[in-house]
4 protein chains.
Amino acid sequence: MAKKDVKKILVAYSGGLDTSVIVHWLKANYNNPEIIAMNADVGQDEDFDALEDKALKSGAAKLYVEDLREEFLTDFVWQALKANAKYDGNYLMGTAYARPLMSKRMVEIAHEEGCDAIAHGCTGKGNDQVRFELGIREFDPNITIIAPWREWDLKSREDEFQYAESHGIPLKFTREEGYSEDENLFHISHEGLDLEDPTNKPDYDNLLSVSVAPQKAPDTETKVSVSFEKGIPTAVDGEKLDPIPLMQKLNKIGGENAVGLLDIVENRLVGMKSRGVYETPGGEVLYHAHNKLEEMTIDRDTFHFKQHVAIKYGELVYNGLWYSPLRKSLQAFVDYTQENVTGTVEMELYKGNIIDVSVTSPYTLYSEELASFEEDDIYEQNDAEGFIKLFGLGQTTRVIAEQSWKEEK
Amino acid sequence: MAKKDVKKILVAYSGGLDTSVIVHWLKANYNNPEIIAMNADVGQDEDFDALEDKALKSGAAKLYVEDLREEFLTDFVWQALKANAKYDGNYLMGTAYARPLMSKRMVEIAHEEGCDAIAHGCTGKGNDQVRFELGIREFDPNITIIAPWREWDLKSREDEFQYAESHGIPLKFTREEGYSEDENLFHISHEGLDLEDPTNKPDYDNLLSVSVAPQKAPDTETKVSVSFEKGIPTAVDGEKLDPIPLMQKLNKIGGENAVGLLDIVENRLVGMKSRGVYETPGGEVLYHAHNKLEEMTIDRDTFHFKQHVAIKYGELVYNGLWYSPLRKSLQAFVDYTQENVTGTVEMELYKGNIIDVSVTSPYTLYSEELASFEEDDIYEQNDAEGFIKLFGLGQTTRVIAEQSWKEEK
Amino acid sequence: MAKKDVKKILVAYSGGLDTSVIVHWLKANYNNPEIIAMNADVGQDEDFDALEDKALKSGAAKLYVEDLREEFLTDFVWQALKANAKYDGNYLMGTAYARPLMSKRMVEIAHEEGCDAIAHGCTGKGNDQVRFELGIREFDPNITIIAPWREWDLKSREDEFQYAESHGIPLKFTREEGYSEDENLFHISHEGLDLEDPTNKPDYDNLLSVSVAPQKAPDTETKVSVSFEKGIPTAVDGEKLDPIPLMQKLNKIGGENAVGLLDIVENRLVGMKSRGVYETPGGEVLYHAHNKLEEMTIDRDTFHFKQHVAIKYGELVYNGLWYSPLRKSLQAFVDYTQENVTGTVEMELYKGNIIDVSVTSPYTLYSEELASFEEDDIYEQNDAEGFIKLFGLGQTTRVIAEQSWKEEK
Amino acid sequence: MAKKDVKKILVAYSGGLDTSVIVHWLKANYNNPEIIAMNADVGQDEDFDALEDKALKSGAAKLYVEDLREEFLTDFVWQALKANAKYDGNYLMGTAYARPLMSKRMVEIAHEEGCDAIAHGCTGKGNDQVRFELGIREFDPNITIIAPWREWDLKSREDEFQYAESHGIPLKFTREEGYSEDENLFHISHEGLDLEDPTNKPDYDNLLSVSVAPQKAPDTETKVSVSFEKGIPTAVDGEKLDPIPLMQKLNKIGGENAVGLLDIVENRLVGMKSRGVYETPGGEVLYHAHNKLEEMTIDRDTFHFKQHVAIKYGELVYNGLWYSPLRKSLQAFVDYTQENVTGTVEMELYKGNIIDVSVTSPYTLYSEELASFEEDDIYEQNDAEGFIKLFGLGQTTRVIAEQSWKEEK
């Protein structure tokens, strides 16, 4: 493929092997463009101080380190939490929230810096290339996007190492391949190596990063409560917390108690099934608590239809369509449903379990009087007879008709 | 309400306080009809030998004890398992499978015995009255249905005790009220008493019947594998088992390891929210394993649409519409999807957790070669560029259009 | 049924036979309560001046005539139009929009007048009783609701006539029974008599009220254009019109050209199928035009999901759940989608046909350049190859897998 | 793009300009492969006798003409009719049924002939390339697929003419460009030229092929009845007909009476909106009649859920996913629902209108007795009170709760 003529490239820079090689490769293969590196802090465990040195040594002219953590939570994770968004049934996602946000900031910086291209280090077989590129085009549909993994001849980590060595790029990585991982304040993902065979049980002791396996968790329960206002988490254990410390606190408690581990074969957008192991400790606690609160505060019909919306919402997010009109329209639906999702949920975390303790809300629709099998003021048991007869009238009509059809034969 | 003139009543007989009183009350209030009692064995813990004596002493002319356990599993639970049916998001149901089956058998016996009415002991505030009555009308839309709880003046357990004492009905029950419970091979439910206040944490030590709380489960994992053929469980730990022993074995292992506890505020069909605690130990293992197998053997689009079907299927079952044309039509969909859901899922059960060990299927759609980030034969990474551009073409068009609209303003 | 002790009843008063008898019957059977009559003007053809005299002669103490026409259109019909709400596939509804509005006003007047009950003249077999009663309870869940048709012994129009004669109620109606009809600014419905047999073709010449049959419509087309702003109709033929004259104008043009006739067997909420013939001339034009505009201004994914929302929205409205949280939440979704549904749709009406002439919108997503089969700037035809390969990757994987399964057998 | 080394190519041959040029171009650009042409007869208006001569003169070694008409109707159109499949709300499709069938036959012949590639003449901007290629890969995932329009330098009809002239390909076409059309037994589509501007009204006099505009249709109604067995059309006007003559007869009657015209801006799979005009005269009659019959024979819940299935089914077909497991699973659902969709629907066709005359079915669920507002045996009007109260209980609970929340504030 002929290389487009670009002069200044913004590179989504992680500091890992891929992006280190990419910076060099772009300069070598694209007529020596100026490279602006951008690293997004979405809560990953990273030595941000060392990054700049590394980026410059790789050949970048400049490194931006952008703290997107709060925006990541408030504008993305909290919104999806309200929707109860999951993908493929159980996957709470995480990376899919970070990509569109990073893309937005990348375009902003590209515009400020006058870059005529944006490059990312995603492979050509994954979801993230789609999420990045749709995210970028949302804010600049015309900017050139470069995905070196789809262009170059390097086919493996080993190829990258050889490239780095032969071009004198300083690397501090071990040659041994690790899992493919992506971390942010909401989750950390693990793919690759032995996980690619679904008959292999994950080696949790080596794999896990912010959590422990249930067997390694404490022998006593840890109490935790989360409070919500209109579906948004606002306090832990009664203490009002800003989004970042709130999430950090729940990640810590959840992770220590082995909550939020998922081992799944999922359906990638680009058409294949892949296997991942995910840690979402605080997220699992939040989803669980939010759902408990919705059980009490959302009426039946809305609760049921919202289940369908959650599925669609999850598909859109997973597929990189965060900025789509449909995701935003579904958000309008979701937000309306959250008007009364306010209250506090108490739980005990214990070796992977979230044990319910209590739910309280000023806007509960649960009525102890009604729920009781005893008499009450509103409900007359006799009404049930008429209800059942009309609820079943279509059936009765059908059965009687069926009998007459049989007789006619 | 004027009593209909009925001569012989089939009573759904559990042997509990309610039905003991009902037998007497029907005779006293309905011009002394003959009472045929029927007890359905759907796997509950019951001293069936003592039942007949009890029923006759209550005034019944005869007791049928019907072993419906295998039919309960194969014709109901297995069908719903294939659909991944749940209600209100997480409730695996159980009672809702037993009621339509019992209704069918009740009508059969009523016809054999020449009964002109069927009576059940459900209260007027619950779902079961609906399930029973729809189930009965499916097989006899004209038979008289009597629901004493909606007719008589008794309003509480105490009222029933006084009725029994004043009419000389022999009772061996303690006057102290227990939880309202329903048990079968698939689950046991607990409602009432302190559970009616959702700020009360369930007292699992007293409450649980076939399970233990996570804290009481063994300190070491229990391995278990389940094999499926076309979505139907056929073997545990490699041993082919008939439905009843298979379910019993999984209930035992699951229960011992605290798997399958659910504490939920659910939306009853008759309009109120109610709170229940459920034990579904074997069911939880089956649902988990079945889902793992579907992850590997069902394509993405079917997997996603099937999520919507599962929601609707769950609503229908919960609402007593088992015999509805829609449930059966959805079943035809579900059954078609299960063609390749064959294979074995290995798990470890540990203090409430189901830890995935391995999934194998002769019909897997997972391709390790494709999933790997390395090169393969089928997938050319370059294809992703075209894919992303056309997948995002609608977006690109919109964004460009939006820019032009802004410029015009 | 024992009559509740009520002192002052608000009666939904149409001036027809039913409500004339009801006023008298309520006074005679409910211990002579004071009767406040309310007639809602929702655009029906009615001699409102004569109503008061009639109401007072029937025994009412007072008649309110409430002009709800504009609220009916803006707060109900326009909202549903944006949603493209239909029931049972094709029914545009109409009555179902009027009932919740009338209920709201009825409760307001009942409160102003100090009424302790509200009565309506709906039969016990239709949908309107549900819509009225849910509407009333939304604004006063405790007020007594009286539905004489479910209480009294009158079983037919003839019974009512005899009641009126024997009680000296002055009637100007012919004894001959007409169709059961309901009219408002949006539609007029016809049920009953020969229509009850679905093998009878409607006698359109006698039946139709605001329309003609296609055969009776003019032999030349009538041009009409409708303009929308954010999904709301605002102008006809380029002339800005307030809701009432806009609707009246479209009803006139549509009706003259035989547009908007529907003959349907529908599924009533209370469980039976019923057959109705509907005239919705202006409504059909509005729905058609609105849909054309959406084709141009709403993206694919939103357009498709909105189809599902339209079905649910239609069910809720039909079932009397206008004020439900789910209808309102769906409205939030719908409203978001209408942001760009602005523009003008030109049509020709001709003997029942709506023939499309043109659609223009400042916010069109249609790009003539893209749609053309010729080359353009955005779309590279080569991209299609990659798109198709990845779009079909799941299939390719499956087919290859299926081949390998066969080989193994 | 480097040309793959292929020796024998099966070409989907229409006899039009595109495929005539393609045959030559393939030989010239692919190292002179042998060309096997295949023309599928799916009911288009074509001089099949002249085709062979034309194909051979263009350079093909052989021409297959395959009569796929009956399979097209029975295995595709009838199946979708049962599903009530539409795309984008109103489009009955047509081309999307032919493509997967043609693909299947193409692969069969390619295998018989030992071809190592299949070529088609679809452009790179349309849906048909996707439908063909997915169809081909379903039966041979490995065969090389060649899409000349995505490869060559010809960009317009004029380019093709010049290519033909300069290479001595005999053409009998007029140089003037016509609409892009696709015809089969179910529909004929028109795209391109002035239609590409959605403000242009179609020139129906010139455009229409099997229909007339409403204004040109007869001044008197044409009666027609269609009979169905399990959702499949089997007779017209009481005469049993095989699929082909049945479809031909309805196309003739429908087309003469201007039934089945559609002018739509649709959402192509490849991401842009496009505008098409479609004639589906017999199809419109069949869909209308089938729906009328379903109104009478399918219960409410199934009818409503089937609406959702129809949307999904339509998307799958439109997107070329006919052979997908999901389409087949949905078919299983649909087929189950059609068990009782048997009966006869009488209509009058008049200037674009389908006027309902009568519907009869041995399996009707419509009960005149129930539907009547008079008393009947099954329905007790009193039951409605209990029904409404419990149907509205969730609402009542919510309203009372809302009042208490207000009071607390």
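Yeah, the Cβs are placed from backbone N, Cα and C, and that goes for glycine too.
What TrEMBL says about a protein is an automatic prediction, not a curated fact.
Taken from TrEMBL, the feature ATP binding site covers A:Ala12, A:Tyr13, A:Ser14, A:Gly15, A:Gly16, A:Leu17, A:Asp18, A:Thr19, A:Ser20, A:Ala40, A:Gly121. In sequence order, A:Gly121, A:Trp149, A:Glu160 constitute the residues six or more apart from A:Asp18 (ATP binding site) in its chain with CB-CB distances below 8 Å.
Annotation comment: TrEMBL describes A:Tyr91, A:Asn127, A:Arg131, A:Ser180, A:Ser189, A:Glu266, A:Tyr278 as L-citrulline binding site. A 10 Å cutoff on Cβ-Cβ distances gives A:Glu266 (L-citrulline binding site) a total of 24 other Cβ atoms nearby, all chains included.
Within 10 Å of the C-beta of A:Thr123 (L-aspartate binding site) we count 18 further C-beta atoms, all protein chains included. Mapped onto three states, the DSSP output places A:Thr123 (L-aspartate binding site) in coil. Among the features that TrEMBL reports, L-aspartate binding site is placed at A:Thr123, A:Asn127, A:Asp128.
Across the residues of the domain 'Arginosuccinate synthase-like N-terminal' (A:8-170), the predicted structure has a mean pLDDT of 95. Positions annotated as domain 'Arginosuccinate synthase-like N-terminal' by TrEMBL: A:8-170.
According to TrEMBL, the feature domain 'Arginosuccinate synthase C-terminal' maps to A:179-394.
Other Cβ atoms within 10 Å of the Cβ of A:Gly121 (ATP binding site) number 22 in total over all chains.
Burial estimate for the binding-site residues (A:Tyr91, A:Tyr278): highest at A:Tyr278, by number of other CB atoms within 10 Å. The binding-site residues under consideration are A:Ser14, A:Ser20. Their Cβ neighbour counts within 10 Å are lowest for A:Ser14. Within its own chain, A:Asp128 (L-aspartate binding site) has A:Thr95, A:Arg99, A:His120, A:Cys122, A:Asp182 as residues 6 or more apart in sequence whose C-beta sits under 8 angstroms from its own.
Here the C-alpha separation of A:Glu266 (L-citrulline binding site) and A:Ala12 (ATP binding site) works out to 26 Å. Those binding-site residues from the list A:Ser14, A:Thr123, A:Asn127, A:Ser180 that have a Cβ under 8 Å from chain B Cβ atoms: A:Thr123, A:Ser180.
The maximum pairwise C-alpha distance among A:Ala12, A:Tyr13, A:Ser14, A:Gly15, A:Gly16, A:Leu17, A:Asp18, A:Thr19, A:Ser20, A:Ala40, A:Gly121, the residues recorded as binding ATP, is 16 Å.
DSSP assigns A:Ser14 (ATP binding site) to coil, not to a helix or a strand. Of all the binding-site residues listed (A:Asn127, A:Ser180, A:Ser189), A:Ser180 has the fewest other CB atoms within 10 A of its CB. Cα of A:Gly16 (ATP binding site) to Cα of A:Tyr91 (L-citrulline binding site): a span of 26 Å. Looking at A:Ala12 (ATP binding site) and A:Arg131 (L-citrulline binding site), their Cα atoms lie 13 Å from each other.
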